[in-house]
Structures are given as structure tokens and as C-alpha cells.
Amino acid sequence: MIKRTTKIFYLVTGISEFFVAFHFGTYVLFLLSHQLTLFEVSLVNMVFMTTMFLFEVPTGAIADIFGRRFSYLLSCLVTAAGFLFYGFSSTLAGFMLAEAILALGATLTSGALDAWFVDSLKFYGYQGSFHNFFARQARILNGATIFGALAGGYLGRLNLAYNWFVAGFGFLLVAWLASRLMKEEYFQPNGNGIKGILSDFREVAGSSFHYGKSSKAFVLLVLIGVGVSIATMAPNMQWQPVFRRYFNDPALFGWLWAAMSVAVIIGNTLVPWLAKKLPGQKWVFALALLVIGVGVIITPWASGLLITLLFFLFHEMGRGVLRPSLDAYLNRIIPSNWRATLLSIYSMTTTGGAALGLLISGYLAERYSIPLTWSLAGGLLLLLIPISLKLKEEGKN
């Protein structure tokens, strides 16, 4: 059952990432094609982040009460609706509403799917580390984005809106697959009615918040996550305008996303090796932050496509190291019965940081310049290095 559960986890996350990736290379191009400014593009995505911030903890607690499988299936259906609505939209208000629907779907998945995987393996007797599981999952996800982004780039040559329709129908397929394959034998549903559900919600949320505040490691990881979220919004939303000075073909942006995914996969692959070679996990975090920060600072100032591309992919490789390392560390220090809620708390705070980063980076890019915006973002990433070095090693938290 451990192997079967692992394969199901990789399958549903890989297929869903494939369909999500259809718009990765053309997202900002699609919005700019409807005459939005860079600041308005940031405002659109900020609706997504703000909605996630508001609903992260409630939906995380729902997963702990009703079941992670239920939460994930509902997420797929809501996400499908959001993608389809996006494809039919053509105004700023329409895009904002679509982002809110997609954010609600994302919050129902956030924490729930990881918690289902971790607790299912523990139920079936697994007692080892989850470090390699999440590193491999990250490689699969980034591999899926390569094919999805390439397909979306070529489909975007016909019409950029088609990518949203394909993603919407794709998530209906994922919902069907998950309903047939996912099992949750360890979970006991709440049978005490609505009063019991509300009581459990208060208990789970309250206990989780108390643990989160009392755990120094969790607080430090939240600080790092928030800082990274603020800083990386600039490259997340502005890499297409940066490279548009060299080309404007949607298919080429799909290939560029594929190159970004390969860089991230390389970073994912380096995680186990770095964990063995460096004196502790905190040094993996520090190195990743250094690589990301330097790459973000240099990329927009570079002259020529090759140099710009090299430093941009260098920063992507650092992000490939950081994400699975943070995921593994978080899941190791969090108690099982609060896992989904605490992961949602972490996601909520980092999402709030992302919303703030979108507002700041969008304003700075529109008011001043993209190079200045990225330089400030890179500086913030470098300032997070001393915070990461305050973490204790696993097992000493």
C-alpha cells in the first residue's frame, strides 16, 4: 500500500500540474493582451493571494475534519470552474473574479494533499524521512510543467484563451481519477453533527495556532517563507516582460518555461546531495537563498539574451533546492493531527507575503523600473540568510 499510495500521489499531482502549466508561459502575455498595465496585472494576481490568505486556515481545518480526500476532490471541481471562467473573461473585474475562484480551489488543496500522503504512509507503517519523497515529487511536477508549458505555448499561437479551457477540462479529469484511486482508511469522519464539526474546527485551529506560536523552528520557517514570497513576486510576474525585449512568440515563452523547469529539476536533484555534503539543513537553506538572491539581482541588468538567461536560470535552480527542502523540514516538525491546519497556516502567511510582494513589485515596476524592483527583491532574499542560520538541526527542535 505504501508504493500504491506513493504512485497515486505522484500521479494526481503530476497530471494536475501538467494542466495548470498550460498558462505558465503565457499568463502575463494574456493579461497584457487585454490592455492591462503591469500594476493591474499585479492587482489581478493579488486577488488570488488575498483570497488564499483569507481561506487558508478554514479550508485546512475542513480537511482535518471532513477528510483530506474530500477536500482535494472539491478543490479539483472548484479549480476547473475557475479556469473555465478565466477563459471567457476579458475585463479586469472578470479576471479578478476568476482569480478568486481559483484561489478558493487552491486553498482546498493546500496542506490537504500533502497531509493525506504523509498520514497515509504512516498509517501503512512507514517510519522514515519524507525528504526524498518530496524531492522526487518536485522533479515530477517540474517535469510535468515542461510538457504543459510547451503545449500551452503552441496552443497560445492560436488563441491565448484556449489554455484556460484545456486546464478547466483537465481538472475535471483529475477529479474523476482521484475519486477512483485515493483512499483514506486512517480517517474517521465527524459524526457529531454541525455542532460537533464547529467544535472540532475551533479545537483543531486553536491547538494548531498554539503549537505554531510555541515552536521556534515553525516561526523561523514562516519568516523565511514570507520573505521569499514577498521577494519572488517580482520575477514571478515580470519575467515575461523582461524577456519580451528579445522575443514575443508565445511558443518561445513556452520553451523558456521548459528551460526554467529543467533548472528547477536540477535544483531538486541536488537536494539529497547537498543535505549530505553540507553540515546541516540550515546551510542548504542559506545556499539556496544566496543563489536565488544573486540571480534575481543580476538578471534584469544583464545585457544580451544569453547572459540574461543564464542568471535567470541560475536563480531558478536555487528555487528548486529551496522548495522541497522547506516542505520536508515542515512536515518533519509538525504533529500529525494538526498537519493540514499548520501547513495551511504556513501557506496562509506566505500567501499574505506574496500579496504584499505583488502590490509593492507592481508599483515599483510601473513607477520606476523592473531592474530596480528586482534588485530590492534580491536584497531581501540575501537578508533572509542569517534567519535561516538560526534554525536548529532536525531532531533538536
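Placement of Cβ uses the backbone N, Cα and C atoms for every residue, glycine included.
Note that the structure is a prediction, hence the values are computed from the model and not measured.
Below 8 angstroms of C-beta separation, residues 41, 72, 76, 113, 116-117, 136-137, 140-141, 143-149, 151-153, 155-156, 160-161, 163-164, 166-167, 170-171, 173-174, 177-178, 181-182, 237-238, 240-241, 244, 250, 253-257 of the same chain, each at least six residues beyond the ends of the transmembrane segment (9-30), sit close to that stretch. Feature annotation from TrEMBL assigns transmembrane segment to 9-30 (among others).
Residues or ranges marked as transmembrane segment by TrEMBL: 36-58 (among others).
Only residues 6 or more beyond the boundaries of the transmembrane segment (70-89), in the same chain, are considered here, and those with a CB under 8 A from a CB of the stretch are 12, 16, 59, 62-63, 95, 97-99, 101-102, 104-109, 112-113, 116, 161-165, 167-172, 174-175, 178-179, 182, 340. Taken from TrEMBL, the feature transmembrane segment covers 70-89 (among others).
Under the heading transmembrane segment, TrEMBL lists 138-155 (among others). Residues 10, 13-15, 17-26, 162-163, 166, 250-255, 257-258, 261-262, 264-265, 268-269, 320, 323-324, 327 of the same chain, all 6+ positions outside the transmembrane segment (138-155), place their C-beta atoms under 8 angstroms from a C-beta of that stretch.
As annotated by TrEMBL, transmembrane segment applies to 161-178 (among others).
Residues or ranges marked as domain 'Major facilitator superfamily (MFS) profile' in TrEMBL: 215-397.
Within its own chain, the transmembrane segment (217-234) has Cβ neighbours under 8 Å at 42, 211, 285, 289, 292-293, 296, 319, 322, 326, 329-330, 333-334, 342, 345-346, 349-354, 356-358, 360-361, 364-365, 370, 373-374, 376-378, 380-381, 383-384, 387-388, 390-392, 397, counting only residues six or more beyond its boundaries. What TrEMBL lists as transmembrane segment is 217-234 (among others).
Counting only same-chain residues 6+ beyond the ends of the transmembrane segment (254-275), those with a CB under 8 A from a CB of the stretch are 21, 24-26, 131-132, 135-136, 138-139, 142-143, 145-146, 149-154, 156, 243, 281, 284, 287-288, 309, 312-314, 316-322, 324-325. Among the features that TrEMBL reports, transmembrane segment is placed at 254-275 (among others).
According to TrEMBL, the transmembrane segment annotation covers 287-314 (among others).
TrEMBL lists 345-365 (among others) with the feature transmembrane segment.
Under 8 Å from some Cβ of the transmembrane segment (372-389) lie the Cβ atoms of residues 220, 223-224, 227-228, 230-235, 238, 282-283, 285-286, 289-290, 292-297, 299-301, 357, 361, 364-365, all in the same chain and six or more residues away from its ends. Residues or ranges marked as transmembrane segment in TrEMBL: 372-389 (among others).
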Are there 3 or more C-beta pairs under 8 Å linking the transmembrane segment (36-58) with the transmembrane segment (345-365), counting only pairs at least 6 apart in sequence? yes
Over the span of the domain 'Major facilitator superfamily (MFS) profile' (215-397), how high is the average pLDDT in this prediction? 89
Beyond the flanks of the transmembrane segment (36-58) by at least 6 residues, Cβ under 8 Å: 28, 92, 95-96, 99-100, 102-104, 106-107, 110-111, 201, 205, 233, 237-238, 241, 341, 344-345, 347-348, 351-352, 354-355, 358-359, 361-363, 365-366
